[in-house]
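Remarks on the structure that follows.
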Amino acid sequence: SRAPSLGALPSDSAFLCLALQQDAWLQSVPLCLAGFVVQGSTGEAPYLTQQERLEVMSYVRQAVPKDKLLLAGSGCESTQGTIEMTERMAEAGADAALVVTPCYFRGGMTSTALIHHYTQVAEASPIPVVLYSVPANTSLELPTEAAIVLAQHPNIVGLKDSGGDVTRLGLLVHKTQNEDFQVLAGSAGFLLAAYTVGAVGGICALANVLGAPLCQMERLWRAGRWDEARELQHRLIEPNMAVTRRFGISGLKQAMEWFGYSGGPCRAPLLPLTEAQVSELRQDFTSNGWL
């Protein structure tokens, strides 16, 4: 059950672009997806103003069916800022908050500091909190021991872990199995491996364009059709790497155009892909049978 992120507004006039593509995207989204993430990493949240983040959330809430979960990225660098953004996202209709680790003063982000931060946010939040560890962007991994402690809080219900350490995922599942807490893979590249150690799903950027194959891989795994699930996972690795580590959001937005969606430009200082990069990106999709 993956929740793909919805893109950022690249300009003041971009609400029209979002409106034009939103209906088409929602009509084609695989029914097996449990919900959506707004203002996560793929949503370019760090590059939007606070008001823009809330406007995007309000718009998406109107468009997304009530039976689909809607997670809102509400993490800020300060605890107070995160609390205020979480409260406002809840008012705008979020079902849960996805809270990334603060990282600017990375040297001070000890387990003790992060436990205190997330506890304060969870205590104040009117909606459930999902922890978010994405070391590729923050250069900071939420310590395993901190996540295990935080899992005991009644308003902290899960962790999106984008680090790719399957051993860590398995340990987190093992150590939190008696809590009302879910471990989610943060990338399609290791989603099948995450399932095998007990993760319940994932929040994957690649689901913006290849949501149906990700759903199919989950079904194959649950049905015990291991060889087919493994083959599908293999075909998803290169496209996933292309729209995350290699070309990032610029790559994903380009891929969205190929699949019939309006990805639009990225927020500066991110740049569009060069022609050579577009060619490389397309090769990653075509060589694996997706285009």
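From the backbone N, Cα and C atoms, a Cβ is placed for every residue, glycine too.
These features come from TrEMBL:
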ACT_SITE  Tyr132  active site, proton donor/acceptor
ACT_SITE  Lys160  active site, schiff-base intermediate with substrate
BINDING   Thr42, Ile203  pyruvate binding site
**Complete:** Quick note, Lys160 (active site, schiff-base intermediate with substrate): same-chain residues at least 6 apart with CB under 8 Å of its CB -> Leu98, Val130, Leu131, Tyr132, Ser133, Val134, Leu184, Ala185, Gly186, Ile203
**Asked** Looking only at Cβ atoms, how many others are within 10 Å of the one on Thr42 (pyruvate binding site)?
**Response** 26
**Message:** Validating a neighbour-count step here. Other CB atoms within 10 A of the CB of Ile203 (pyruvate binding site): how many?
**Reply:** 30
**Message:** According to DSSP, collapsed to three classes, what secondary structure does Tyr132 (active site, proton donor/acceptor) have?
**Reply:** strand
**Complete:** Cβ neighbour count (10 Å, all chains) around Tyr132 (active site, proton donor/acceptor) is 28
